[in-house]
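Trainee: Taken from Swiss-Prot, the feature ADP binding site applies to GLY210, GLY248, PRO249, PRO250, GLY251, SER252, GLY253, LYS254, THR255, LEU256, HIS387, supported by experimental evidence. Here Swiss-Prot flags GLY521, PRO522, PRO523, GLY524, CYS525, GLY526, LYS527, THR528, LEU529 as ATP binding site. According to Swiss-Prot, the feature compositional bias 'Low complexity' maps to 791-801. The N-acetylserine annotation in Swiss-Prot covers SER2. What Swiss-Prot lists as phosphoserine is SER41. Marked as region 'Disordered' by Swiss-Prot: 782-809.
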Amino acid sequence: MSTPAESSDSKSKKDFSTAILERKKSPNRLVVDEAINDDNSVVSLHPATMEKLQLFRGDTILIKGKKRKDTVCIALADETCEEPKIRMNKVVRSNLRVRLGDVISVHQCPDVKYGKRVHILPVDDTVEGVTGNLFDAYLKPYFLEAYRPVRKGDLFLVRGGMRSVEFKVIETDPAEYCVVAPDTEIFCEGEPVKREDEERLDDVGYDDVGGVRKQMAQIRELVELPLRHPQLFKSIGVKPPKGILLYGPPGSGKTLIARAVANETGAFFFCINGPEIMSKLAGESESNLRKAFEEAEKNAPSIIFIDEIDSIAPKREKTNGEVERRIVSQLLTLMDGLKSRAHVIVMGATNRPNSIDPALRRFGRFDREIDIGVPDEIGRLEVLRIHTKNMKLAEDVDLERISKDTHGYVGADLAALCTEAALQCIREKMDVIDLEDDSIDAEILNSMAVTNEHFHTALGNSNPSALRETVVEVPNVSWNDIGGLENVKRELQETVQYPVEHPEKFEKFGMSPSKGVLFYGPPGCGKTLLAKAIANECQANFISVKGPELLTMWFGESEANVREIFDKARQSAPCVLFFDELDSIATQRGGGSGGDGGGAADRVLNQLLTEMDGMNAKKTVFIIGATNRPDIIDSALLRPGRLDQLIYIPLPDEDSRLNIFKAALRKSPIAKDVDIGALAKYTQGFSGADITEICQRACKYAIRENIEKDIEKEKRRSENPEAMEEDGVDEVSEIKAAHFEESMKYARRSVSDADIRKYQAFAQTLQQSRGFGSEFRFENSAGSGATTGVADPFATSAAAAGDDDDLYN
């Protein structure tokens, strides 16, 4: 026996927040296994297990499954059954709502009576076309001399003659469970049971909610404990909590959780949809609320679930209508002024917790507010497994990979993704499916399975719902599309890809990754292109913010826009926020140019600064700014911690120009005699955009020539129909040197020398302001000076650009 101090010490190390979710070990909890003999009323256990539970062969036992379902069976011993397992067939499993591998509990059931009367009806889709008397053909042989136990509400399958028929136990007398003895009367008159009524899909249990393990534990503590064991709270002497407010983005499963809790606790579930309460008559709306609470009290223990609670309980000072205020007051008195409402728990759900009246958000009304957020990778995997458990998946589907690729998706988005993948699978089979036919070939149905390819296509077509407004195309630009700029690419990968792909390394070195990058340089050098490539390469979500869009004419609206964008980015983290033309919103403050709409630009900048620095380190949100006027950007933005890495993107040198030509002409057919190297040599001082322009113009000339040739050919053909075979040769099938020569006549440089001098001067002043420490050495590190002496990698690129033979000879 350990000393109390020790045991309490070991306890304190354990995390108790999810203790309620852990399975309790006890001998009567058994794991479900597949049955060998297929009998609906028999389960088999290992003799040792039966001995532990004090059962004898042939005893009737009560088995409890999920979602408050239970049934009665006969226990048999089976040596081959492993120790903590219980073998049951499919019918029993579906009555208990369990699958193979789930845990059920077994209880003795000594007081089962012989039934006087049972009422049994068939299920409609299994008796179509069955002729003759069902009782004689199916039920009589099934129950004859078998002494089968039945439970009211169970379904069972009877095999007979040609086919099997499913029956449902509608009513049993004298109790819910009884044994059908030879003298029991069996009624089977009545309409067959409809299958739709049976398979209620809204029977969700805890197994159908994924990705919210911690929140689920809190909710079960607050709901199940008071409803099932109220004496726990009594013995300690506290009042059990009364209300829970679930909040989070739409689609994260708030209503689903409430429904699962209601099904699993077996409590009476009363759902109030916010707007339904409202009525045009005075006093009517409040009485509707009162009725709902009264109804719930009558059927205690019960759960009242108010969906979209922000619609009926908005802040009283902000609402104009008298009715809304009265409803809020009524809700407050019902929730707190109640003669301590016994066993009634109120759950509310909303995605705008801050628009609810603050009086509701205190202890005693909504005690606990639980954030049902966007699930992480493990959570997404859980959700995907839940949604695909009934899907027919091919072998190659890699759910873990999919969960890695779906950053920022909530449960609803993942469900949509699975549906989209299934639709994709159906589309492929569309050529063999005829819509007019009444039925589809069984072969086709069996051959359908959702493959990894389908999921990939679906991933391309869907994006997280948090980003629906700022529709984000992850652009199709890869590193190969960008010529040159090797240094910049490496730096970018380190800034953005490492924190997303290797977060554990940053933890190991105890550092939070840098969050911001500013590209500056002459127009047309690929700043925007780089941002697109990084968004594509590192699988993060990508929001592009155009600077001027943020400014609006309304006071305070512009700052709200900035706030909203950052909120969205955090919700769908990891996310790259790309501010193009940053200088339009981040000009130096106090410029007082008079025409900036009452200082709107200054306020936007202040909002930006607070958002960037007040950003939670937990979320991976990167900011990339691009500008070609770095000199007018406010210096507060350029400090480390906001946009810490200032990357100068110079005009391309010869190698880079060659790469840009290659990247631009990657998909075009080019004649053998075109020397791209010569073009690259000749285009000294051209920006990337200028070079692309040259290529486009050359293509245009080739196309023009091609079309002219076609017209000429048509003409010749119409004049001389016989001679058309010979001259199919002189097609213009590629871009020739002549086209490039023609195009070079119109080529122009978009960046003047004066501009370049400006950029380089700026880059060098930055370099000087940064280069203070380049001579620094630790005292005893004479030998390792080589490693520490390397300055910022961009010193080289900026200097190289500067030394480029004084601009260019």
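One is the number of the first residue shown, and numbering goes on along the chain from there.
Cβ coordinates are placed from backbone N, Cα and C, and glycine is handled just like the others.
Have a look at these and tell me how they're positioned relative to everything else.
Mentor: The C-beta environment of THR255 (ADP binding site), restricted to residues of the same chain at least 6 apart in sequence and closer than 8 Å, consists of PHE305, ASP307, ALA349.
When secondary structure is read from DSSP and collapsed to three states, GLY521 (ATP binding site) falls in the coil class. Other Cβ atoms within 10 Å of the Cβ of GLY521 (ATP binding site), summed over all protein chains shown, number 26.
Of all Cβ atoms in the shown protein chains, 22 besides its own fall within 10 Å of the Cβ of SER41 (phosphoserine).
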Trainee: Checking the spread of the ADP site as listed (GLY210, GLY248, PRO249, PRO250, GLY251, SER252, GLY253, LYS254, THR255, LEU256, HIS387): what is the longest Cα-Cα distance, in whole Å?
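Mentor: Maximum Cα-Cα distance: 21 Å.
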Trainee: Quick one: which residues besides GLY521, PRO522, PRO523, GLY524, CYS525, GLY526, LYS527, THR528, LEU529 have a Cβ within 8 Å of the ATP site's Cβ centroid, in sequence order?
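Mentor: Nearby residues not in the site list: PHE519, ALA626, ASN628, ILE649, SER687, GLY688, ALA689.
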Trainee: Cβ neighbours within 10 Å, counted over all protein chains: which one of the binding-site residues CYS525, LEU529 has the most?
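Mentor: Counting Cβ neighbours within 10 Å, the top one is CYS525.
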Trainee: If I restrict to non-local contacts, at least six residues apart, and a C-beta distance under 8 angstroms, what lies near GLY253 (ADP binding site) in its own chain?
Mentor: VAL209, GLY211, VAL212, ILE372, VAL410, GLY411, ALA412
Trainee: Cβ-Cβ under 8 Å from PRO249 (ADP binding site), same chain, 6 or more residues apart: which ones?
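Mentor: Listed in sequence order, they are ASN351, GLY373, VAL374, VAL410, SER465, ALA466, GLN571.
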Trainee: Among SER41, GLY210, GLY251, HIS387, these being the recorded positions, pick the one whose CA is nearest to that of LYS527 (ATP binding site).
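Mentor: Its closest listed neighbour, by Cα, is GLY251.
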Trainee: Hey, how far is GLY210 (ADP binding site) from CYS525 (ATP binding site), Cα to Cα, in Å?
Mentor: 46
Trainee: In sequence order, what residues of the same chain, 6+ apart, have a Cβ less than 8 Å from the Cβ of GLY251 (ADP binding site)?
Mentor: VAL410, GLY411, ALA412, ASP413, SER465
Trainee: For the C-alpha pair, I'd like the distance in angstrom between PRO523 (ATP binding site) and HIS387 (ADP binding site), rounded off.
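Mentor: So the Cα of HIS387 (ADP binding site) lies 48 Å away from that of PRO523 (ATP binding site).
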